[in-house]
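Written below as structure tokens is the structure these notes are about.
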Protein chains: 2
Amino acid sequence: MASSTPLLKDELDIVIPTIRNLDFLEQWRPFFQPYHLIIVQDGDPSKVINVPQGFDYELYNRNDINRILGPKASCISFKDSACRCFGYMVSKKKYIFTIDDDCFVAKDPSGKEINALEQHIKNILSPSTPFFFNTLYDPFRQGADFVRGYPFSLREGVPTAVSHGLWLNIPDYDAPTQLVKPLERNTRYVDAVMTIPKGTLFPMCGMNLCFNRELIGPVMYFGLMGDGQPIGRYDDMWAGWCTKVICDHLGLGVKTGLPYIWHSKASNPFVNLKKEYKGIYWQEELIPFFQSATLTKECTTPQQCYIELAKQVKAKLGKVDEYFSKLADAMVTWIEAWDEINSTDSSTAAVANGAKK
Amino acid sequence: MASSTPLLKDELDIVIPTIRNLDFLEQWRPFFQPYHLIIVQDGDPSKVINVPQGFDYELYNRNDINRILGPKASCISFKDSACRCFGYMVSKKKYIFTIDDDCFVAKDPSGKEINALEQHIKNILSPSTPFFFNTLYDPFRQGADFVRGYPFSLREGVPTAVSHGLWLNIPDYDAPTQLVKPLERNTRYVDAVMTIPKGTLFPMCGMNLCFNRELIGPVMYFGLMGDGQPIGRYDDMWAGWCTKVICDHLGLGVKTGLPYIWHSKASNPFVNLKKEYKGIYWQEELIPFFQSATLTKECTTPQQCYIELAKQVKAKLGKVDEYFSKLADAMVTWIEAWDEINSTDSSTAAVANGAKK
């Protein structure tokens, strides 16, 4: 797949949430420069974010988000990397790759720098196999196949909606685990990509994530986190649980494994504990909710699925805490905003383009 | 875990089905010699199988099986490696490791010889996590843990019943894939162990397999294959599908991944095609059957589960082919024989010990 034209060059946007100068892009330049970036600036909108020369980008700060979405901007989180999902909404591309600004280029065991984006694209362009486990991992990789006993009727697989990448160095641990194992580093390079089976939930991390926006963009909502909210650091988890349930319903695949990025620094576990505190006990009720959530056959688009799921969130999780009623409302607002921004109406498109640099 | 006393030395038997001299054991000597071997000789019982000096073993040929089981010997396959399950039945140990005689010691990427048995034991002695996917694979391995978003209530895991190992060099492909890719070799060393999620079936290969005989031994029946049967090479698949359904029901875990063995030679794809032919189309009906199979709450032992499953096989798969009615009867016979051999009655134990060398 090494070609002179970068894969999906005009069909993929890179979404980066940030509060600082994007010096980390220097290391990614050989891999990211051909692509368009959507930068979502969090925090103080008057701060100027410096983007290294030569990158093609558009940047949105809180003022832009408020201007473009009006009252519906309430569904976009502030002072939390959950704000990144605004970038998914205003993209006009088929695929999104999103990465955190503390993630750098990792090396494979041979010492070669890993083009994470290229691996994500390979993952997302090849089918997934959610209905039966293949013991040699992704059967579509070079040198692998379906093993003996894999039903032939399932070998075509299904379209892949999500490619979830991993992290060397600082693992994505919760605050309690960070506190217990402050020195643990992930040094194990596992050379595998696999489909997460149908009916199985997983913890989706937003640090190094690619998805097909056309197939499931509208459900990649990162929820209400950070400023004014009782919770943080569950934005990607929330999106992952919703996305997996809806992918299972729509017959789409979710892959995890390669590519690795180098996660440079552990966030403060004491700060994290405060953000996660309610999530840690709420999730004990959220997981059974998502494990048993089913959608009606009438839900055939991601939007329909998401609205249906929002109703169930309100009805069933509203009892856990009033936060979930608010979140359910925000899920609906998000879909309304998504459809507005992504209508074929050219004036809306013009608004969305207002921030283009 | 490197200790002077080999792990589980008096609690594990190594079961080897064979038709030839066991020269392959020479390479395994440093790892296997401390353990007791149960050799199940297939084919002509008058042939003398040579076992390298220094190994502690008992050997059973067809005459022994017929003598020990009497009419119930009909449930043990002949001229097929499915006969290995007789070894599971006559073992008195808590754990079984089974390996084919064309499997040799593999090397890890650093060139170190892999003690496959030691890795299996590590897998089987640490819990499984079938209810939620951990993106950093087995959380109980050194240097790994549960990632952010993994529910704390699920972190104790469940007992591991099966450890399914993989193969470098010749992958375990079916005949059609062997024919299409005669030169494909598995060279990818994936440094991972993972739990196969609840509700997900997998193709269990009997080449390099360890299990807790106390937890699920009675369901590790390798079916009716080979001589006088319409099918071959589905013995381990059958056992795997039954075992996974029953492990899911009983709340037990199944792991796959490490360790690798070196699989030395591909079997003849034309011969395999003949053996597999009916299995290839039957499996299209078997998979939906196993995917939807549920057991009643009254089934709390592996024996009860297996008898219940045998009834469902007869009722639902008997329609696919009369072979499955015969197989369902054999499943019941197998359990009767298992219980007889494994009763505390000392005379039975004496019979089973009759073949000890």
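Each residue, glycine too, has its Cβ placed from N, Cα and C.
What you see is a predicted model, and the numbers here were worked out from it, not measured in a lab.
So that you can see what the record holds, here are the features copied from TrEMBL:
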SITE      A:Arg148  site 'Required for activity'
CARBOHYD  A:Arg148  N-linked glycosylation site
SITE      A:Arg155  site 'Required for activity'
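Taking CA atoms as the reference points, A:Arg155 (site 'Required for activity') and A:Arg148 (site 'Required for activity') are 12 Å apart. A coil conformation is recorded for A:Arg148 (site 'Required for activity') in the three-state DSSP classification, outside any helix or strand. Under DSSP, A:Arg155 (site 'Required for activity') is assigned to coil, being neither helix nor strand in the three-state scheme.
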